[in-house]
Amino acid sequence: MGAAPSKIVETLLEDTNFDRDEIERLRKRFMKLDRDSSGSIDKNEFMSIPGVSANPLAGRIMEVFDADNSGDVDFQEFITGLSIFSGRGSKDEKLKFAFKIYDIDKDGLISNGELFIVLKIMVGSNLDDKQLQQIVDRTIMENDLDGDGQLSFEEFKSAIETTEVAKSLTLQYSV
């Protein structure tokens, strides 16, 4: 992958928070991460990004970056994903990304089981399953405004906006 095709760059300029120079610098970084020169980043390459492997949600983050569900992250998906976490990413974009981390089956709702799985990834063995299930049940009960037993994006957003979580969803990185 030499210079990014101009059509892709034009689309990225339109759809992301990056300018042309930033996209070019990120393209160079992408090419370094793509060690096998396949044109996409596989899970091992993704995990080699500084700071990513230490994040317990790294696997879920990669799955959300991988918009076409190919199992790899291509250049366009990489830039689009990073754009959300840039300082110029909107609060709503960041909340939608966070929601997708929890919405494992991509049905637009966070079920009790999905919330349990993601929180289990985050807390590991610090809580036993019974304690964690109580937290999950309480979280759903307190925030499920329509009573369907799941959290919609709007319910998730409402719950999160009362905290400082959205502000913390900005990554500092140099391009």
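Cβ atoms are placed via backbone N, Cα and C, with glycine included.
Taken as a whole, the domain 'EF-hand 1' (21-56) shows an average pLDDT of 93 in this prediction. If you look up Swiss-Prot, you'll see 21-56 marked as domain 'EF-hand 1', on the strength of sequence analysis.
Sequence annotations record features per position, and here Swiss-Prot assigns Ca(2+) 1 binding site to Asp34, Asp36, Ser38, Ser40, Glu45 based on sequence analysis. Long-range C-beta contacts of Ser40 (Ca(2+) 1 binding site), restricted to its own chain and to partners at least six residues apart, with a cutoff below 8 Å, comprise Asp34, Ser70, Asp72, Val73, Asp74, Phe75.
Sequence annotations record features per position, and here Swiss-Prot assigns domain 'EF-hand 2' to 60-88 based on sequence analysis.
Annotation note: Ser70 (Ca(2+) 2 binding site) sits in a coil segment as assigned by DSSP. Within 10 Å of the Cβ of Ser70 (Ca(2+) 2 binding site) there are 11 other Cβ atoms, across all protein chains. The feature Ca(2+) 2 binding site is assigned by Swiss-Prot to Asp66, Asp68, Ser70, Asp72, Glu77, with sequence analysis given as support.
Feature annotation from Swiss-Prot assigns domain 'EF-hand 3' to 90-125. With a threshold of 8 Å between CB atoms, the same-chain residues lying at least 6 positions outside the domain 'EF-hand 3' (90-125) that come near it are 56-57, 59-61, 64, 81, 83-84, 132-133, 135-137, 139-140, 148-153, 156-157, 160-161, 165-166, 169-170.
Here Swiss-Prot flags Asp103, Asp105, Asp107, Glu114 as Ca(2+) 3 binding site. Classification of Glu114 (Ca(2+) 3 binding site) by DSSP places it within a helix. Here Glu114 (Ca(2+) 3 binding site) comes close to Tyr102, Asp103, Ile104, Asp105: these same-chain residues lie at least six apart in sequence, with C-beta atoms under 8 angstroms from its C-beta.
Here Swiss-Prot flags Asp144, Asp146, Asp148, Gln150, Glu155 as Ca(2+) 4 binding site. Every protein chain considered, the tally of other Cβ atoms within 10 Å of the Cβ of Asp144 (Ca(2+) 4 binding site) stands at 17.
A gap of 15 Å separates the Cα atoms of Asp68 (Ca(2+) 2 binding site) and Asp107 (Ca(2+) 3 binding site). For the pair Asp146 (Ca(2+) 4 binding site) and Asp36 (Ca(2+) 1 binding site), the C-alpha distance works out to 48 angstrom. Asp72 (Ca(2+) 2 binding site): 19 other CB atoms within 10 A of its CB, across all protein chains.
In this structure, the C-alpha atom of Glu155 (Ca(2+) 4 binding site) lies 27 angstrom from that of Glu77 (Ca(2+) 2 binding site).
Here Glu45 (Ca(2+) 1 binding site) comes close to Leu33, Asp34, Arg35, Asp36: these same-chain residues lie at least six apart in sequence, with C-beta atoms under 8 angstroms from its C-beta. As a summary of secondary structure, the domain 'EF-hand 1' (21-56) carries 18 helix, 2 strand, 16 coil according to DSSP.
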